[in-house]
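Report on the following structure.
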Amino acid sequence: MVDSMDFEKQQKRYCIRTKHVVIICVVVVVCSVAVGLGVGLSRSDTTTTTTPTSAPTEEPPQPPLPSRGPCKPSTDSSGDWVNFRLPDYVKPVHYDLHLEPDMEEDTYAGTVDVHVEVTKPTHYLWLHIRETFVSAMPRLKMLNGQGGEKEVPVKSCFEYNTHQYVVVEATEQLPITGPGEVYVLSLDFQGWLNGSVVGFYRVVYNENGVTKKIAATDHEPTDARKSFPCFDEPNKKATYKVSITHDENYDALSNMPLESVQQLAGNKKKTSFEKSVPMSTYLVCFAVHQFTFVERTSAKGIPLRIYAQPSQIATAEYAANTTKVIFDYFEEYFNMSYSISKLDKIAIPDFGTGAMENWGLITYRETNLLYDENQSSSYNKQRVASVIAHELVHQVTLYACYLPKCRIFRDIMIISDVLPVMVDDALLSSHPIIVNVSSPAEITSVFDTISYSKGASILRMLEDWMGKDQFRDGCRKYLKDYTFKNAKTANFWASLVSGLPIAEVMDTWTKQMGYPVLDLSVSETNAKLNQKRFLLDPNANPSQPPTPLGYKWTIPIKWHSPNAVTMTVLFSEHVISDYSPSVDGLLKVNNDHTGFYRVNHDSNMWNTISKQLQDNHLVKLSSFDAADRTSYIDDVFALARANVIDYGNAFNLTKYLTNETDYIVWERVDSSITYVRDMLLGKALYPKFQQLFRDHVNSIATKLGWNDEGTQTERLLRETVLGIACQMGSPETLNEAAKIFDQWINGQISSVAVNLRLLVYRYGMKKSGTEENWNKMFQRYKDTSLAQEKDKLLYGLASVEDGPLLYKLLETAKDESVVRSQDLFTVVRYVSYNPVGQSIAWDWTTLNWDYLVNRYTINDRNLGRLPGQITTTYNTEPQLWKMEHFFHQTPNAGAGEMPRQQALEKVRNNIEWIRRNEDEISAWLENNVV
C-alpha cells in the first residue's frame with residue numbers, strides 16, 4: 001500500500017532522481033515482503049479472558065433497513081471470542097463469495113460460504129464483521145472427502161461488537177476435521193455502499209456532465225470485514241471464488257481473470273471469476289464500473305491493463321508504458337514469473353489511500369496513476385512512476401510468501417524515503433518497526449511514517465552493506481524458499497547468505513525504536529566514533545521507554561576519504577586508526593547517506609566543512625557529491641533543532657548555497673528550514689531570517705527564471721527555488737507569481753505552465769485573493785476533472801488571506817458532490833498551513849468532530865492523524881492547552897491514539913524550542929544579515 005499525503009508533503013518527500021525511481025523501489029520495496037514495518041499483533045493465551053479497554057468502533061449512520069437480521073449484538077463473554085485474536089484451531093481454506101450491489105440504492109446483498117478446517121472440538125465458530133450484518137440464520141454443514149455432506153443444525157448467533165465478531169453456535173459439538181473434510185459456514189449478509197471510503201463502497205463522479213457511480217473496495221489493514229463476513233487476519237489465508245451480479249450496463253473486475261459472464265433477467269448479468277491462489281483477506285478486491293482500459297503486454301505475454309473513466313483514458317497511457325517497463329524489470333530482477341494470467345489497475349475517483357496492491361487488481365487514487373503531459377507537473381510524473389513501481393513489486397513477489405501482514409501482522413514494509421521518517425523516529429512517542437498491537441484501531445494507528453519508511457530505510461542500508469548482487473540473490477532465495485508459506489523476519493535474514501551477522505545487526509534496528517547519532521572526533525592520528533540515541537527533545541530521557549537492547553545499535557557505517565571507501569560494523573565505539581586529516585583530507589562518514597543515522601562533528605569541524613563548501617562545494621577530493629551535501633544540510637539542522645549544536649553552525653553551512661545548483665540539495669534545504677520558518681513566523685526576527693534565505697536563493701532563482709523548460713530535475717529545481725523565494729518574501733518572485741495569476745484568473749492566458757501552477761495558485765491567491773478571484777478559482781476547481789489539477793487548485797483556494805472564505809471552503813468540503821471524501825482532510829490541512837487559517841482549521845475540526853467520526857469512523861487513520869497534522873506549527877502554551885482539553889473531552893482516539901501522543905510531544909518540543917533558540921538565532925541574524 002502507498003499512503004496518501006498532501007501535495008506539499010508529497011513534493012518534499014519524493015526528492016529522488018528520476019533515474020533512481022525503479023532502483024530505489026527494488027532496494028527498499030523488494031523485500032517489502034520480507035522485513036519492513038512489522039506490525040505485530042500480540043498473541044494472548046487463547047484460554048485467557050481479556051477485558052476490552054477501548055469502546056466499540058463507531059459506525060457511520062446507515063439508512064434504515066427492515067431488520068438487522070437474527071444475529072443481535074450481545075455482551076456474552078463466556079467464550080474464547082473475548083480474545084482479540086482469532087483461534088488457531090479454526091482455519092479457513094476457501095471462500096465462495098457472491099455479491100449483488102444495488103447501485104441505485106447504495107446497498108448490497110451477498111452470500112459467503114466459508115470452508116474451514118477445525119483442529120480442536122468446538123461448539124462455536126466466529127469470524128469478523130463490521131457495519132454489514134447477517135440477514136438470515138447461518139447455515140452449517142460438513143463435507144467429506146468423498147463428496148458427501150451432512151447438515152449441522154445451528155442453535156444461535158450473535159454479534160460480539162467489542163472485537164467485531166459474529167459468533168455462530170452449533171447445536172452439537174463440532175468434531176475435528178479429518179483429511180479432505182471441511183465445515184462449510186454459509187452466511188447471507190447485507191451492507192451499505194455509502195459511508196467511509198473503506199470496505200465495499202460506492203463513489204459518485206461526474207463524467208462529461210453525466211453523474212455516474214463506481215463501487216470498489218479497500219480492505220487494508222482490517223476492512224475486509226466491512227465488505228463481507230470473513231476471518232480477517234492476514235495469516236488466515238484461503239482461496240476465493242468470487243462472483244458478482246450487477247446491472248448489465250456495468251462491468252465487474254476482481255483479483256482473478258474473468259471466467260464467465262451470464263445474462264440474467266431484469267437487465268442483470270452475473271460475472272464470475274476464476275478461483276484464486278491462497279491469499280489474505282485484505283488483498284481481496286472487486287469493482288463494479290463503467291470504465292474502459294488501455295493495454296500493454298509484458299515480455300512473457302501477461303496483459304497489463306489500466307482502467308479509467310473513458311473521458312480520462314488518454315491520461316492512462318503513461319501508466320501503461322511505465323507498468324510494462326517496470327513489470328518486466330522486476331520479473332528479471334527477482335528471477336520469478338508473475339503467477340496470474342492478467343494484471344489490472346484501476347483509478348478510483350475517490351480512494352482513501354494512495355494505492356493498494358490487491359493481487360491482480362491494483363487500486364489507485366487518480367493522482368497516483370493518471371498523468372496528462374499537458375496538465376500534470378514533473379513531480380506528478382515522478383510520483384506516478386514511483387507508486388507504480390512500489391505496487392508492482394508486490395505483484396511480482398506476492399505469491400512467493402507474501403509476508404506483509406502474514407504471521408501476526410508482522411514484517412510489512414512500504415517504500416517511502418529516508419529523511420522525513422527521521423523526525424518522527426526521534427520522538428519518545430515513536431515505536432519500533434515490530435510492535436505489538438491489540439485492537440483494529442491500534443493496527444491502523446501504526447500505519448505511519450515509521451512503518452512506511454523506516455523499513456525501507458534500513459533495507460537500503462542493508463543492501464549497501466551487503467552489496468547489490470548478494471542482496472538480490474538473497475531476495476531471490478527467500479522468495480523461492482517460502483512460496484505460499486508463512487514466514488518470519490528471521491527467515492529473510494537467514495536467506496541473505498553473506499557471511500555477515502545479518503540478524504544480529506538488523507534486530508537492533510527492527511526491535512527498538514529510534515536511531516543513533518554518531519559523534520565524530522578527529523585527531524592527527526585517527527578518528528573516533530561514539531553512538532548515542534538521537535532525540536529531538538534535549539530534555540528527554542534517552543533510556544525511556546526501556547528496551548532490552550538499551551538503545552544501542554549495531555551499525556554498518558560507511559566512510560570516505562580521498563584515499564579509500566571503507567565499510568565496517570560499529571558496535572558502541574569505533575576507532576578509524578588508519579586515518580590522518582593532514583594526509584587523507586576531510587573524512588565523510590555516511591557518504592551517500594545510505595545509513596539510518598546522523599553524524600555530528602565539533603564546531604571546528606563544522607566550520608571546516610562550511611569553509612570547504614564555500615571554497616568549492618564540488619571538490620572531488622572531499623567527495624562532496626549532491627547526496628553528501630544533502631546529508632550535511634539535513635544533519636546540521638536536525639542536530640541544531642535537538643540542541644546538540646548551535647544554530648550558528650547550521651546557518652554558516654548554508655552560506656555556500658549561492659553556488660548550489662542541484663535539485664536534491666535545494667529540496668532538502670526547503671524541508672530543513674521549514675521548521676525554523678514555522679517557529680519564527682510572526683516573531684520580530686522573522687524578516688531577518690527571510691532576508692538570509694532570500695540572499696541565498698536569489699541568484700539561482702534569477703538564473704532559472706519563469707520559463708518552464710529543461711530536464712526533469714531542472715524543472716523540479718526551478719519550482720523548488722522559486723517556492724523558497726516566495727516563502728522568504730522575495731518581492732520580485734511574489735510580484736511575478738501575482739502577475740501570472742492575474743493574467744490567468746482574468747482569462748488573458750488560458751493556463752499556467754504546469755510546473756509553476758502550484759506556486760502561482762498559492763502566492764497569486766495570497767496577494768490577489770479577492771472574493772471575486774476566489775470564486776473564479778473555485779469554479780475552475782469544480783469544472784476540472786483531472787485530480788492532480790484539483791489538488792493544486794485546492795491549495796490555491798486555501799491560501800487566501802480571508803477568514804470567511806477559508807471557513808466557506810471547509811464547510812464546502814462536507815459536500816461530497818463538490819469535494820471528494822478522500823480530499824476533505826487535504827482541505828483541512830491546506831487551510832491549517834495558512835497563517836490566517838491555522839486556528840480556523842483547528843476550531844472547525846473540533847466543532848465538527850462528531851460529524852467526522854460519523855462520516856469516516858473513529859478507526860479511520862486519516863482522521864486519526866488529522867489533529868496532529870494541523871498543529872505541527874503550534875508553539876505556545878495556550879495552543880497546547882486547547883489540544884490537551886480536546887483530547888481529554890474525546891478520549892476514544894481510535895486510530896489517533898499514537899498520533900495524538902506524537903502531536904502533543906511535538907508541540908511541547910516546539911514550545912521548548914522557542915524558549916531555547918529565539919534569542920540565539922536573533923543574535924546570529926543581527927550579526928550576519930545586513
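Positions of Cβ are set from backbone N, Cα and C atoms, glycine also.
Note that this is a predicted model, so its numbers are computed, not measured.
Residues or ranges marked as region 'Disordered' by TrEMBL: 42-77.
According to TrEMBL, the feature compositional bias 'Low complexity' maps to 42-57.
If you look up TrEMBL, you'll see 58-67 marked as compositional bias 'Pro residues'.
Here TrEMBL flags 91-283 as domain 'Aminopeptidase N-like N-terminal'.
Cβ contacts within 10 Å of N358 (substrate binding site), excluding its own Cβ and spanning all protein chains shown: 30. Residues or ranges marked as substrate binding site in TrEMBL: E220, G354, A355, M356, E357, N358, R861.
Taken from TrEMBL, the feature domain 'Peptidase M1 membrane alanine aminopeptidase' applies to 318-395 (among others).
Taken from TrEMBL, the feature domain 'Peptidase M1 membrane alanine aminopeptidase' covers 413-509 (among others).
Among the features that TrEMBL reports, site 'Transition state stabilizer' is placed at Y452.
What TrEMBL lists as domain 'ERAP1-like C-terminal' is 586-909.
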Taking only the residues the record lists as binding substrate, namely E220, G354, A355, M356, E357, N358, R861, what is the largest Cα to Cα distance between any two of them, in Å to the nearest whole number?
19
Suppose we draw a 10 Å sphere around the Cβ of M356 (substrate binding site). How many other Cβ atoms does it contain, all chains included?
25
Roughly where does the domain 'Aminopeptidase N-like N-terminal' (91-283) sit in mean pLDDT, to the nearest integer?
96
